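Swiss-Prot has this to say about the protein:
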{"type": "ACT_SITE", "residues": "122", "note": "active site, N6-AMP-lysine intermediate"}
{"type": "BINDING", "residues": "45, 46, 47, 48, 49, 94, 95, 120, 143, 177, 289, 313", "note": "NAD(+) binding site"}
{"type": "BINDING", "residues": "403, 406, 421, 426", "note": "Zn(2+) binding site"}
{"type": "DOMAIN", "residues": "593-681", "note": "domain 'BRCT'"}
């Protein structure tokens, strides 16, 4: 690990950020290699998470330096040149880690506060995927890159509690964790002169033995924790049903798994913590998952992990310090987040001077005040969090009744504990909204980073995203400002001008309206609602607004936001200004080629891709060459393009026997058809 780290990414210049991002990416790849391939990690899981999260945050702030091969876009790899490679039938993703109750419960409240969740042990072993066909073990494969793994079937057959033949001729793909009990590890390690560091390293190394006879000598076991049943007539509705089926098929599953309401998770975690030191096997936390499969499908995936699950890690690094001051931050949605300034303390190799406090309920529970002696923990955040008050301070801190940025009275939103500023003209809200609009994954305006936007706002040059398109009129005045030379301004103005050519499918979500992100925008366009004029027309008709509920993926909260957004005079004025500035307020039509190799085919897409961002670019290509794009998998679908993060669409495609392509296979297909996709899209 690097010994010298800056505490906050916003202290970096662009030049420094570029170097730090490249260095972090290399450092993470190095540790992934040591962890997954060599089975000799040099740093703890926690320290690795800090590196990963710092890179992700820096890439978000400086998106111009994010590489398509960034570790944040792919899972770690345990691929080894000594084994045959195996293309996974489903993407094998990792989980987002959380390190405290507050962080976990915040996710629960955002996901489904009243839903049912499974809580199960997170086994600290070696990840494996088992493939059974007609009831027989066909392949045992490491996680690998998430798409391709090492085929270690011969070694896996020696694991003592893996069934080689199932009691019924069923096809099933399972996720599991190969491990050793503490007792078995100690006995084996004693015979090996104590040369192994821990059960996890020994387990991971054991399944990578070149001779399966050597693996057979090692006391390996497995717990299986999830499965997909392609072609199975019974459709599982819950995770609980899947685990029950696994037990009937004689698979070992983690003990103590419970299913509880979201409101009971904190209490359940306490119960698990009481047991963790009495277990006979290694665990480094818990896994919390939504139980309802349909709700999982609605949550979806990122390229790296499912949105419907979290890993809760027990271990955390904590240090004591004294609170010096308490300040606030106001985000683009108006959410007010307090943070404390503390006396400098070294935490996980970083000098820390600030910590978050999350929300007022959390503050009240801890009793936080200036002068308080507190315990601060780094539990997966770049800025650590206050976890405990040892000695109270002067007065318990209260989030102000008025916004610290604009002095508007704060409000609480339904089902949320946080306070919000309701003023759409709040300076901090506006600045953060413009920053969001300019980000790479939004309108991608080169030259306009956080610092430039804050300067332009603070000095009166801009007050909304529409003002960006009049900025050129102030060129002479801007050239007098420090840091805005002719070269810098040329980059900014070119970036602003270039953004006018961005498709409507980027513009609408970039405006930052609640419930109108990229996913909903794509759904609207798929169903013929492809322009702002059409949207405004629907917004005036209650029946047409209600009909949007017929679109899979659009719910009541989206409908409510739709009505509120497009009846707001401020938003209508903004749209008019963007229209006058020459931005595209209608989605680009899909052109059609004379060459029609996809004619008669119906394609669906799921997951994420390196070469097609957004993923609908791949489907635009299919349509351009004669095919049809569909939003859901059905018996009429002929092909599915599936990338990392694929969910129920891939499962259904396998059940229906639909042809499935991964990204490499799709690119090979295009090559065989002599289609240069880069020139086409």
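Even glycines carry a Cβ here, placed using N, Cα and C.
Note: the Zn(2+) site is recorded as 403, 406, 421, 426; in the same chain, 330, 334, 404, 405, 407, 408, 410, 422, 423, 427, 428, 429 also have Cβ atoms within 8 Å of that site's Cβ centroid. According to DSSP, residue 47 (NAD(+) binding site) is assigned to a helical segment. Of all the binding-site residues listed here (403, 406, 426), the one with the fewest other CB atoms within 10 A of its own CB is 406.
The separation of the residue listed as 'active site, N6-AMP-lysine intermediate' from residue 289 (NAD(+) binding site), Cα to Cα, is 12 Å. Nearest by CA distance to residue 47 (NAD(+) binding site), out of the recorded positions 122, 403, 406, 421, is 122. Taken together, the residues of the domain 'BRCT' (593-681) have an average pLDDT of 83. Looking only at the recorded positions 49, 95, 122, 143, the one with its C-alpha closest to residue 406 (Zn(2+) binding site) is 49.
Reduced to three states, the DSSP call for residue 122 (active site, N6-AMP-lysine intermediate) is strand. Residue counts for the domain 'BRCT' (593-681) under DSSP (helix as H, G, I; strand as E, B; rest coil) come to 32 helix, 14 strand, 43 coil. Of all the binding-site residues given, namely 95, 421, the one with the smallest number of surrounding CB atoms inside 10 A is 95. Residue 289 (NAD(+) binding site) falls within a strand when secondary structure is assigned with DSSP.
Most buried of the binding-site residues 47, 49, judged by other Cβ atoms within 10 Å, is 49.
For the recorded positions 122, 143, 289, the ranking by surrounding Cβ atoms (within 10 Å, all protein chains) places 143 first.
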